[in-house]
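The structure follows.
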Amino acid sequence: MYTEGIPGLSFFIYLLPCADALFTSLYSIVHIIISFNLRVKVKTLLKMESLAVELFKINAIKFGDYKTKVGLYTPVYFDLRVIISYPALMESLVQLMMEKIDIKNSKLVCGVPYTALPIATIISLKSKLPMVMRRKEAKSYGTKKLIEGVFSDGDSCLIIEDVVTSGSSILETVKDLKASGIVCSDAIVLLDREQGGKAFLAENGIIMHSILTMTELMRILFKRGFITAEIKATVDDYIASNKVKSESVAISLKEDRLKLSYIDRLQYAKNNVAKDLLSIMAKKQTNLCVAADLTIAADVLNLAEQVGPYICCLKTHIDIIEDFHPNFVRRLQEIAEMYEFILMEDRKFADIGKTVQMQYSKGVFNISSWATLVTVHSIFGKGVLDAISEVDLDRRRGVFLLAEASASGTLIDEKYTGETLKIASEYDDLIVGIVCQSPLFRDKPGFLQLTPGVQVGETEDNLGQQYNSPEKVIVEKGGDIAVVGRGITQSQDMRNEAKKYKDLLWAAYLKRIS
């Protein structure tokens, strides 16, 4: 070949064989890297499958009809608290988490209380990263800190969680960490239920990394023969059609009625009677309302004397008193003032406005003159509330609007309840709260929830009244004030029985806000 006069060309041709060898070597190196990455990926997938199978075997995955923290019903439930009893499984889980994310980018780790705490502890030990711990409630003594551990302003923290549905638990933890000067941007979780949590966390600046998604988990269990095609299809359909709305999750990060103390809720109440009730409840440490369903005036007065020190409210049905006299209500007012509780006439007004106005302010009972609180049905619309508002404008008064009932077979449906809540929102200067059986109005801490049907050891009477335990009414059903009737009025010692209920209900309230 003629190359004379072309500078460097001869040298280039000389190097061609060397270049060929170099390209061959580079190809080999790339092939090795790709093969290695594939082997690592396959190995990780096998670990994930093994983890999924082990979770199923230890009964951490349950199929049936369950309710999640955010109120969604689900055909599959994950009880990952059991994994603490399986050290080998815990170690496999931690290893997968540490392979999933480069935790060296963080200076701290923090587990969302409580299930994720042991996982975070093991990650801290293996990675040598310091761990901080978030309390669900501040101590009432000592430093009163929410975040325990040693850290500095600006330290970055990796959040550890077990299962994510809405992302609210992670954001509650992030909120307290940020309040202490700690920076949060990433979270590693075992299972993403794929119901909106990942997107909601991203909206709030948190990138979520998961070991398994619910779809992947179902695929693995079906492939390994642990679940049927029908179960897999049911769960797949559930994932597709049940997403948590961001606005409902945001409640937990703002003014969640169920998480705030009665004192903290005072600032949100617009009705003066609601403020009075919250103050009494906090001062006397009681959320007990006794239903005085007795027919003799002297018996009602005796009941008021006996239970007065332990209640925030006494609920009457004035039209069942067989020997009613105006002196009766005057004495009842004196007892209420003496023991600091509020009188509520459970009249459940339900008629056209003018009729209700007369029922409220006229007649032998003259309810408006002595009952600080009354109950009202919303079935006749806003006219009932307008009628009550026009009576004795200078008097402190409030209304509990009936949104749900405790009787079996009630005709009240979701539409009725929804319309009732709308009306309540429009009359927040008159409405003290709502009567219901589920945690409604979570985003309106100025309203109180009154929940009837509380009795220890009973579930239903012969006329369809449904009963629940004190803890269930306060913690699960979201009641702020629980109504107890026959559980106290039919006891041999009404005073001690009232104290017992008062203590049980208050303990449930403390548990709820913590």
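Glycine residues also receive a Cβ, built from the backbone N, Cα and C atoms like all the rest.
Copied straight from TrEMBL:
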ACT_SITE  Asp346  active site, for OMPdecase activity
ACT_SITE  Lys348  active site, for OMPdecase activity
ACT_SITE  Asp351  active site, for OMPdecase activity
BINDING   Asp293, Lys315, Ser406, Gln465, Gly485, Arg486  substrate binding site
DOMAIN    287-501  domain 'Orotidine 5'-phosphate decarboxylase'
TRANSMEM  12-38  transmembrane segment
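Burial and contacts for the listed features, if you can.
In sequence order, Ala291, Lys315, Thr316, His317, Val374, Thr375 are the residues near Asp346 (active site, for OMPdecase activity), counting only same-chain partners six or more apart with C-beta under 8 A.
Within 10 Å of the C-beta atom of Lys348 (active site, for OMPdecase activity) sit 14 other C-beta atoms, taking all shown protein chains into account.
Around the Cβ of Asp351 (active site, for OMPdecase activity), the same chain contributes Gln359, Phe380, Val384, each under 8 angstroms and 6 or more positions distant in sequence.
Sequence-distant neighbours of Asp293 (substrate binding site): residues of the same chain at least 6 apart with a C-beta under 8 Å from its C-beta are His317, Ile320, Gly485, Arg486, Thr489.
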If you count other C-beta atoms within 10 angstroms, which of the binding-site residues Lys315, Arg486 is the most crowded?
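Buried the deepest by this measure is Lys315.
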So how many other Cβ atoms are close to Gly485 (substrate binding site), meaning within 10 Å of its Cβ?
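Its Cβ shell of radius 10 Å holds 20 other Cβ atoms.
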Give me the mean pLDDT over the domain 'Orotidine 5'-phosphate decarboxylase' (287-501), rounded to a whole number.
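Within the domain 'Orotidine 5'-phosphate decarboxylase' (287-501), the model's average pLDDT equals 91.
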